[in-house]
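Trainee: Before I ask anything, let me first share the structure, which is written out below as structure tokens.
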Amino acid sequence: MMYPEQAQGKPPTAPTAAPKVTFGRRTPSGRYISYSREDLESELGSVDFNNYHVQFPMTPDNQPMEVVPVDPFVSAKAEEHYVSSSLFTGGFNSVTRAHMMDKVTDTNLSRSAAAKASTCAVEGCDGKVMCDERGEEMLPCECEFKICRDCFDDAVKNGGKLCPGCKEPYKATDVEEVARIAKERKAITVPRISASKAGARMERRLSMMRSMKGGTSEFEHNRWLFETKGTYGYGNAIWPEEDEVGHDGGGDDRHAKDFVSKPWRPLTRKLKIPAAILSPYRLLIFIRMVVLVLFLAWRIKHKNPDAIWLWGMSVVCELWFAFSWLLDQLPKLSPVNRATDLSVLKDKFEIPTPTNPTGKSDLPGVDIFVSTADPEKEPPLVTANTILSILAAEYPVEKLACYVSDDGGALLTFEAMAEAASFASVWVPFCRKHRIEPRNPESYFALKRDPYKNKVRQDFVRDRRRVKREYDEFKVRINGLPDSIRRRSDAFHAREELNAARLHRENMDEPIVKIPKATWMADGTHWPGTWTQPNIDHSRGDHAGIIQVMLRPPAEDAVFGTPMDESIGGDGDGILDLTEVDVRLPMLVYVSREKRPGYDHNKKAGAMNALVRASAIMSNGPFILNLDCDHYIYNSQALREGMCFMMDRGGDRICYVQFPQRFEGIDPSDRYANHNTVFFDVNMRALDGLQGPVYVGTGCLFRRIALYGFDPPRAKDHSAPGCCSCCFPRPRRVANEDSSASRALRMPEDDDEESMALSSFPNKFGNSSFLVDSIPVAEFQGRPLADHPSVKNGRPPGALTIPRDPLDASTVAEAISVVSCWYEDKTEWGNRVGWIYGSVTEDVVTGYRMHNRGWRSIYCVTKRDAFRGTAPINLTDRLHQVLRWATGSVEIFFSRNNALLASPKMKFLQRIAYLNVGIYPFTSFFLIVYCFLPALSLFSGQFIVQTLNVTFLAYLLVITVCLCLLAILEIRWSGIELEEWWRNEQFWLIGGTSAHLAAVLQGLLKVVAGIEISFTLTSKSAGDDNDDEFADLYVVKWTSLMIPPLTIMMVNMIAIAVGVSRTIYSVIPQWSRLLGGVFFSIWVLAHLYPFAKGLMGRRGRTPTIVFVWSGLIAITISLLWVAINPPSANSQIGGSFSFP
């Protein structure tokens, strides 16, 4: 393997030719040897080889050979094997190279249980079963008796040509004839089209799409047969089963398949909230709105002349709080719940029908993206467990593909993924055999419930024990990878230095060359990504693009495993009995995009867009699921649940299905509201009743063409909704297509429009013809079934049962080119296509752009959590997480993604919800002022009102009671608990007075002055108990974000003491003002109680910095109070008051 040289200059603007793939290998010394003709000719043309000749004597072994044509199927299989065994690298102005990997890791384990060769079944023989050139077993007898080549020859010559198993004569005694029969026995129904011409790769599927574009939605079967050379078996949809043929040969006992037309059933149902809950909920919202208006009007009219400054600040804050409450409450007017029917999904897509006689899965493909960037912050074992849960998901194996984005280009992540691919050959069949949940091995083996409950197979205990042992060994290998890579690199580096020293001794004239310390792979070659000690072309921001197919695309038909190994109690060669289990694994691809200095790589959004392009070329699943590396699939049926919405009637207008985020490892009390259930179970359900929930960054199933920036289908038929359209719909009208806000791509509706649209695609998506050709294919495959007259823009049943094209080297080379650093130049990637750039919270902006084009989204809450992940339980980590979210919201508010600039295609209440996303951090200014008002009131002896009269108390009581009743009703229709609601209220004040304020200041400085401020950790105090599961909860890490809430807490505590002492010792005590100030101070302190517990650490061990700050603040406030209100000349404390 040779590393590309980075050329200086600008990327080419015109479309370039197809990328060139250079094949070669690296010698043990590190020297690259190329196999390409161009490199060979350049070497032979040099001075060193001008007079070098090799003569081959004319012997029978050197005679010209006759060219034998190779079966295309065999060549395709060989190509796939080569692709899965090669590491592809390349990038800007460099040649794409494919390096054959002798081994990926030091353990060099087998990648699939099905790849293990079976042994001969003849007693006393341990030879390997006969295999053809594809590596597949050849069984010469119909009884499928496994036999090796030597035993077969012996049976033919000396055994009377009888099978040792069934004692029946062989039908074929020649090995070539046996191979031909075995090939015919395993032939597939629809033949593959040769991939020799890259330009015709998509023609078969595109022809199917064009045949559907007409006035009716009826599928033209004859045209499909002509264009794809497909077959329907015996000429009609009814034929006998293999085991239903009569023994007399007449066929009298044959029974036809029962294809009875079933009534059409929807895949999803909308479960409305009961009117007994929703009607009072809406009524209370209206009542509280009216009371707030009356209260604010009363407050404005009745000033406090004794403390006008206190009255003014309180009124301004209350006006903002009322406005903020409206923005948060109005989108909650129409909450909904939804349910799916997985049995209907199976009946429609996986049961034999007249249009799908074979019963192959007709579900669309799904590409799953997993993103990681730093193996030190994101442990490879966690990422590997996420990958294993994806590979074991209950979805058709041939329709699933997993892409791992390593934005750091670390060899540690690469080898960890290789180990995960190896262990998957054991873990995935085990999950399928025993229906394991969850399918994350770390979470499964850590379950505290009885693992043997509801397990009916007798071998479950034995299998679980063996898989647990394999997983323990797997963890040891993963955890030992850093030391293994370091020792390996040190050994190779020492060898390189010895070779350099030897060459220097031989050539004393040449200076000593300093050998850079490289990071070495297991096969003795340099790692093309980031080295442990960074160097040119091998640092985090400067390395070539890398693609490695860890697991090749699976076969179309099921591949069953082998029996258990006889050495551990069985008679096969595996650790589990997998004779009834499909052992195929989904495709797994490792991707590290190219990075070069001087390019803006746009962090996670750029990595996601690189995966979108690479997956479009390699698998082109019409749907994309993105997961963080620490979020794994907890419900193996989650993909099917999401697909119910996409494939249901009207599903073609759904841009994404968002799943709620659920977390593990949270302390039982959820001190800092890490579960965030109020947002995920209240706000998101409410948005589902409008235009759909917002995109929250992970656990989201996308429609690929929605990410490409297309308008939803039938956009002309849907009107621009007006104010409160969810409750009071207005007559439909056609949206203005000429407005700049509604400019977007539309899928072509006829052939002429299609040709015009395709011609403009390179300017939007780049100059990759593979990528452009894949767009209409993804659009067609993502359509719902046209199995009902009401389903518009559907596809014919059975259209997705065609096998995918084989994966060849030219395809991977094209994928390397689209993940290069220059590919997005002068395109609309990150602007209108893919994940949107320019914000820390790229997820919210990406979802906003889709809703702004008229798409709708769905919120899918499953009975069993779909995904689970981890969340920071430490106070400082939690505050920095909230700071990042709030900073992104401020950036959204000051950008063109502000909901005030939304297009008419977005519903009014949906626009209010997005407006609240950008505005909520600004509440921190008013919240901090309002938290100081009780203390100022107690210090000054005044209150926000002149007297606590009945009117003020009545308004306050009604507002408080309405708020409590609304909370109770929200708890009823959302299913959350009262404690979770209260924790959310507490952390709303903690985050609002700390992280939100810092985010607003940071955003304002960035917008106005272009200054960026980062709030970093300055000190750390950790606990001593390492055995505690929640030890991180008690770790105190000081940060500047803690200063505002700590100041508020100390000031209010001091103010209560000052106010009580003044009232007790005053001549005329003002108890009403004291009660008002003390009540609001206690309200503030009650919300800050989790913050105070976080500062105390474990068992009250508070860091010294907390005491220092507390003392300084207390002294400062006391001096200010004495300066503002000095004591009177009366020497008696408290005037006339005296102790008895």
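Yeah, the Cβs are placed from backbone N, Cα and C, and that goes for glycine too.
Predicted automatically and left uncurated, TrEMBL annotations should be read as such.
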Trainee: In TrEMBL, one of 1-25, 476-500, 651-675 is tagged region 'Disordered'. Which stretch would that be?
Mentor: 1-25
Trainee: I'd like to know if the transmembrane segment (308-327) touches the transmembrane segment (948-969) in this structure, counting it as a touch only when three or more C-beta pairs sit under 8 Å and are separated by 6 or more positions.
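Mentor: Answer no, regions not in contact.
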Trainee: When you average the Cβ positions of Ser371, Lys377, Glu378, Asp407, Lys603 for the UDP-alpha-D-glucose site, which other residues in that chain have a Cβ within 8 Å of that mean position?
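Mentor: Leaving out the recorded residues gives Thr372, Ala373, Asp374, Gly408, Lys604, Ala607, Cys629.
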Trainee: Can you tell me which parts of the same chain pack against the transmembrane segment (308-327), counting only residues 6+ beyond its ends and a CB-CB cutoff under 8 A?
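Mentor: Residues 289, 292, 296, 299-300, 912-913, 915-916, 919-920, 923, 926-927, 929-930, 933, 936-937, 940, 942-945.
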Trainee: Rounded to an integer, what is the Cα-Cα distance in Å between Lys604 (Mn(2+) binding site) and Lys377 (UDP-alpha-D-glucose binding site)?
Mentor: 15
Trainee: Nearest to Asp628 (Mn(2+) binding site) by Cα distance: which of the recorded positions Lys377, Glu378, Asp843 is it?
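Mentor: Checking each of Lys377, Glu378, Asp843 against Asp628 (Mn(2+) binding site), the shortest Cα distance is to Glu378.
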Trainee: If one measures from the C-alpha of Lys377 (UDP-alpha-D-glucose binding site) to the C-alpha of Asp843 (active site), what distance in angstrom results, rounded to a whole number?
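Mentor: So the Cα of Asp843 (active site) lies 21 Å away from that of Lys377 (UDP-alpha-D-glucose binding site).
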Trainee: Check each residue in the chain of Asp407 (UDP-alpha-D-glucose binding site) that is at least six apart in sequence and keep those whose C-beta is under 8 Å from its C-beta; list them in sequence order.
Mentor: Ser371, Thr372, Ala373, Ser592, Arg593, His601, Lys603, Lys604, Ala607
Trainee: Between the Cα atoms of Glu378 (UDP-alpha-D-glucose binding site) and Asp843 (active site), what distance do you get, rounded to the nearest Å?
Mentor: 20
Trainee: Would you count the other CB atoms within 10 A of the CB of Asp843 (active site), including those on all shown protein chains?
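Mentor: Other Cβ atoms found within 10 Å: 24.
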Trainee: Just going by other Cβ atoms within 10 Å, which of the binding-site residues Glu378, Asp628 has the emptiest spot?
Mentor: Glu378
